[in-house]
Amino acid sequence: MKITRLWLLNFRNYENATLDFADNNLIVGTNGAGKTNVLEAIDILATSRSKIVNGLNKCIRYGQPGFAINGRFDFAQRPSLTVALRQERGAGRVIKINEETLSRASELLGRVNSVLFLPSDLEIIHGQPVQRRKYLDIVISQAEPEYCRALQIYVRALKQRNELLKNMRNGQSGDLSVWDAQLADCAAQVKLKRQEYLEFFARETAQFYNAMGFAGQLTLKYKTKTLSDKQKNLEVLQSSRAEDLRFGRTHFGPHTDDFEVYLDENKAAEFCSQGQKRLISIAFKCAEAKIKRQKLDDPPIVLIDDVLLELDLVRLNKIIAAIAPRSQKIFTVTDTGRFAPELLKDMRIIKLENGRLV
Ligand SMILES: Nc1ncnc2c1ncn2[C@@H]1O[C@H](COP(=O)(O)OP(=O)(O)OP(=O)(O)O)[C@@H](O)[C@H]1O
Ligand SMILES: [Mg+2]
C-alpha cells in the first residue's frame, strides 16, 4: 500500500499543507522544519496514536482548537481508501474511513499499515519493560486486531481487580473470582501471541542483522511467568491472592512480561555499543515490516526518520536496498549529501521550511 496524498490542518507546525508522495520520497529541511511531524502524522493515521508523545492534544498547533489529518491510500489489489482523523482539544478522536465514522479507534487497526523508524527506537533494546511491551503490543495489534481486543479486556479487568484489591485491603468485602476468570483467559491469549511474534522477531532480527553485514548471533529471550493454559493461570492467580491483597495489586500476568536481546550471549542493553544497538533496532523494524507484509499481504509504508544517518555510506545504501523492498518509502534528511546519486534519482524530493512546502 502507499500514501499518495496527505493533508494537514493545524497539526504541529503545519497550518494547512498538502503533500503528494511517490514510491520513494525524501523529505528535506533544516532542523525544526517539520520533517518528523509528517511521518508522525502518517503513522497516526495507521494507529490512531502518536509514537512521539502521549496524547494527541499535544499535536494541536499552538493556539488552535484542534487538528485534522487526511490521507489517501492506494492498494495493489483493492480500491483506495481515505482516512481522516480529527482531534479537538480535550475531546476524543474522530476517525473516518471513506467518510464513515468509526465507532472505536481500534477499528482502524490493520487498515493502514506503516513502519516508523525513529531515533528513539533504541529503547526497544535498552528502555524499560513497559516500552518493549508497548512496542510488541502495537505490532501484534496492527497485524491481528483480535489480539488488541483480548489485551483491552485484560487491561480493563486488571484495573478493576487492582481497585478491588485496594478496597479489600482497606477492609471492604469483595469477590475477586469474576476478574480472575477474565484475566486468566486473556492472559493465556496474550501470552501465546507474544510468544509467537517473539519467535518470529528472533528469527528475522538475527537474519537482518547478519544481512546488514555484521557477524554475531542475535537472540531474544521472552521473560514471562504467564502460562498459555487459562486454567493454570487461574490457579496461580488464586494461589497468589494473599500477596496481592497485602500489596493491593496483581503480581502475576502479562502486564509484567518483558523480553531481552542478546548478541552472542551478552545482554545487548548492557554490552552493545550505541552503533550496535542502533543496528539491532533497525533489524527489529525490518522484521516488523516483514511481519506486516506477510500478515496483511500488502507491503507497509516505511517511514524512516533520520535513524540511518549515523551509518556509513556503504551500509546505509545496503540497508536501504534491504528494507522492505516492495514498500513505499519516505525518508527525512537535513541534506541530501549522504544519499548515493543512484538512490536519489528514483526519489521524489519534498522540500520543507517552517511547516511549508518550498
Ligand atoms: N503543537 C505544536 N504547535 C506548533 N508547532 C509545533 C507543535 N509541536 C511541535 N511544533 C514545532 O514543530 C517543529 C519541529 O518539527 P519536527 O520535529 O518535525 O522538525 P524536524 O524537521 O524533524 O527537525 P529535526 O531535523 O531537528 O529533527 C518545531 O519547530 C516545533 O516548535
Ligand atoms: Mg526530526
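Using the three backbone atoms N, Cα and C, a Cβ is placed for every residue, glycine included.
TrEMBL labels come from automatic prediction, so no person has curated them.
Over in TrEMBL, the protein carries these features:
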- Gly29, Thr30, Asn31, Gly32, Ala33, Gly34, Lys35, Thr36: ATP binding site (BINDING)
- 3-329: domain 'RecF/RecN/SMC N-terminal' (DOMAIN)
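The Cβ of Gly34 (ATP binding site) has 24 other Cβ atoms within 10 Å, all protein chains considered. Highlighted in sequence order, Asn37, Thr332, Thr334, Leu352 have their Cβ within 8 Å of the centre of the Cβ atoms of Gly29, Thr30, Asn31, Gly32, Ala33, Gly34, Lys35, Thr36, the residues recorded for ATP, and are not part of that set. Among the binding-site residues Thr30, Asn31, Gly32, Lys35, residues whose Cβ is positioned under 6 Å from ligand 1 are identified as Asn31, Gly32, Lys35. Around the Cβ of Asn31 (ATP binding site), 6 further Cβ atoms fall within 10 Å across all displayed protein chains. Among the binding-site residues Asn31, Lys35, Thr36, the ones whose Cβ sits under 6 Å from an atom of ligand 2 are, in sequence order, Lys35, Thr36. Of all Cβ atoms in the shown protein chains, 21 besides its own fall within 10 Å of the Cβ of Ala33 (ATP binding site).
Under the three-state DSSP scheme, Lys35 (ATP binding site) falls in the helix class. Sequence-distant neighbours of Thr30 (ATP binding site) (same chain, six or more apart, CB under 8 Å from its CB) are Thr334, Glu353, listed in sequence order. Secondary structure at Thr30 (ATP binding site), taken from DSSP and collapsed to helix, strand or coil, is coil.
Each of the binding-site residues Gly29, Gly32 was scored by how many other Cβ atoms lie within 10 Å of its Cβ, and the smallest score goes to Gly32.
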